[in-house]
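Features of the protein shown, as given by Swiss-Prot:
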BINDING   Gly38, Pro39, Ser40, Gly41, Ser42, Gly43, Lys44, Thr45  ATP binding site
DOMAIN    4-233  domain 'ABC transporter'
Amino acid sequence: MALLELERISAQYPGAETPVLADINLSLGPRQLLVALGPSGSGKTSLLNLIAGFVAPSGGRITLDGVPVQGPGAERGVVFQDDALLPWQNVLGNVAFGLELAGVPRAEREAKAREMLALVDLDGFGERRIWQLSGGQKQRVGLARALAADPRVLLMDEPFGALDAFTREQMQELLLQVWQRTAKPVFLITHDIEEAVFLASELVLLAPNPGRVVERLQLDFGQRYAAGESARAIKSDPAFIETREHVLARVFSQRQSLQERA
């Protein structure tokens, strides 16, 4: 049964000649890691913003647990590419910030924040200042903060896009570990093909102008990692390589088609 449903979603910005998104139908179910991948102009970030409730769709309906999404809410935790942390707060204060706004007592919110920091392998980092953290550590704090409110679904907007290649791989593996431990449904957008293939239980390919779904792939590489298989073994598997090359060819063909129309 789907927790999150998008039915015939379209989006068009004021003054734009063409829609950003057209006729998008998606569902996110329990324990699913849904990844949206597409070239620039395919509406990935716009799609996430609609689900988060930051903007309203021009047409269609978005529901969470059968209730229409009509604005931001704590039941949808968001992790951004820019860590968006509060520099005047320490790590613990950042993770507990949403709980503080919700009126959770201090002892309870700090205990929850420490639990989430342990989940993302930052046990003992609570008193550190944000400027003392590496890029990967900041993203771990952002993930812990999003999880602290116990959201129904986790939304991730190219969360590893600004990280170096080594740290990016570490964060991909951490996300799969957290996904397995928490059983939280995740909707993630990325422009990185290998990342998308590795993480997704379902991969949705978007084409641009307007953004629309052109292919859906059911994948198990992330589940294999969560079950204990090494990332190196998975990424050298001929099945992984074949899938990656198939997705790469689809994305390149979309870009070429876009250039020919320009």
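Sequential numbering from 1, following the chain as shown.
Cβ coordinates are placed from backbone N, Cα and C, and glycine is handled just like the others.
Note that the coordinates shown come from a computational prediction; the quantities given were computed from them, not determined experimentally.
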For the binding-site residues listed (Ser40, Ser42, Thr45), most other Cβ atoms within 10 Å of the Cβ sits at Ser42
Entry from the binding-site residues list Pro39, Gly41, Gly43 having the most other CB atoms no farther than 10 A
Gly43
